[in-house]
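As structure tokens, the structure follows; a few thoughts come after it.
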């Protein structure tokens, strides 16, 4: 019975709804509050806390069709996608779940009833496996369901340890775990392969379609298995696999959704070979890329963004392989939205963003793709009998041309060649070490000071307090005291000084003691201890001394204003650009602030102005800035934004600014948004692929900036003899005049070059009856060589021309051959002959070619060598 993919999905959810299950929407591909996961890769991910007992739901039975991505991390088999029948970066997992409700009997019954009743699969085509010692599951299959015992396979511990089996599931080394039973479909004896547990089990005849996990134990650290008080069920069935069976095909790429995408991709790139594996790659990759972007992931050079970038670039490379000459990948997103309309509401809503991001990413990559492929072809041509591309070459392709290592591997595998992964990783480590060395400044206090206590911070409510010195450190070594002029780090019993964190700079101020003053120039953290860096201005300071710690209040207030505005800016950027915007970093100082965020293109002036208006509107609204400490889950339920990658304690501080912004933040803030006064963006730039940076000023700093800009405009207006209202027109007039003069200058240079070319005709010689001109020109403009060459070829009618000019350490070469002689002499070969002798290389067409070099002193000998070379060819 044929069923479309959409019909199967709907039938699955409806069947389990009728069995009392709550139909739950697919969660985002970005896991919520689970830093252990790169992407959502299974249906149970969104219920993990429910299974662990940390979360409760209003239902105890659920069913989903979960979007999943498996690429990167331990699931990195990207190179196989498109080349096998069932490898994908994106797939849908159908699942039903019991949270302490039903267990083995009902779970097995539901699965069998759906497969044989709803889908009407032939029972004789189904085979099941159980864990070797799970007699309960075996008996349910044999005695209650009626599966013949010869079609029930017991699978033992086949992974080298107790309870390490294909049929024993565990969440991690400890915690919930249990046996599972799997259902396989037999595609028939015309396909090679054996049943699970046999030597031929890796064949394609028997395909797993449903895995039913019975969570019945809690694994302890010592390996003992304690029964769970409320056993649960977690199941998963790949939608693409069951669709292939229901549609009578063997490969997932032959099902309806993939065929529609493959046909559309073929139409876009202009190919008629629908069996080409590159079309499979593209059809798979548009699914993962589009849904990842719709769920807020942007291409970048790290983490999830880098996995997305790798997938996009692999798809682009396969498109070029098929003959695509223009950007194409983004055009497939609309067809995907049509095919996934039943479950793709997020994709449809974000379709304009998805297409824009894919187009921009492809445009950026194709600029270097062809050059990188040329380099790779060069390497392959000179590889000889070797079967591995050196790691240094793989790294150069990554570092210079943006080729992820697996993309290079994908290209060369077609020649049955591999890559040196160890060598590549070694080069990556060298680069990381260089970056770390280049960015290292000052002292890493976490490494130098091994402090094992926590300093209480009192600075939210006060800027000064009496406290005591519990430690003094000079150059990382603890000392008992200081004298005037000495630099050191001081640790207090408690402090009102804010230590740098969350992008906010550390406080400055003074520590006052009876006969001395310690100037605090910076405040940092060493572990959980707060340390005060500075120097003793006068007097002495000893360990144990009572001091008055006084924060520079004016500076703290300026920093607080700038910190508060980062929250408003974050919210405004998400409102103006979309929910994909997330904070990537910040620096909040007293004079200005900067804010790094995920976005794929530069902001237009109109967008910058809109963001400024949104922020300033919230400043004028004069919202109360309220802070509250609550537990992490309650904070997230209240809508507080958490930054991915940040580690949070169980209790967190929530900063709320009206209804506009709610974030988790430990920094200091203004009392009301109106205290900020005024917000002005002074710069916007890209700092990495997929990451933009805004620099801005607030309050008095913003007013000072506007005054400075006004003064500069007035000064510029005076220079062009205008005023602030006519300056743009005046500058435009000057630029137009400058362009006209540049054109006249180029025309004059061309005339002079033509004249010089005429003068060179007296140096023409004959080699084997053909005219040849070889000349070194002193002080000639390299830009004029092309015009000079054309003039000489026209005047000579037939012949070979080679011109060289040099200045400082640079050589410029150009060669020309008239069309009647290109069968004997190629300009590209001629210019390359000389270039190699002067420390360079070059190339071009048979009739004209250019090159460069770095050894002017070698030019005379190189030109002389041309005579004998031409004698052999003319």
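Just so it is clear, glycine is given a Cβ too, placed from its N, Cα and C backbone atoms.
The Zn(2+) binding site annotation in Swiss-Prot covers 563, 567, 665, 669.
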Neighbour count, 10 Å Cβ-Cβ cut-off, for residue 567 (Zn(2+) binding site): what number do you get? 26
Tell me the coarse DSSP state (helix, strand, coil) of residue 669 (Zn(2+) binding site). coil
Helix, strand or coil: which one is residue 567 (Zn(2+) binding site) in, per DSSP? helix
Starting from the Cβ centroid of 563, 567, 665, 669, which together make up the recorded Zn(2+) site, report each further residue of the same chain whose Cβ lies within 8 Å of that point, ordered by sequence. 560, 564, 566, 625, 655, 663, 667, 668
Any same-chain residues 6+ apart from residue 669 (Zn(2+) binding site) with CB under 8 Å of its CB? Would you list them in sequence order, or say none? 560, 563, 564, 567, 625, 627, 655
Within 10 Å of the Cβ of residue 563 (Zn(2+) binding site), how many other Cβ atoms are there? 25
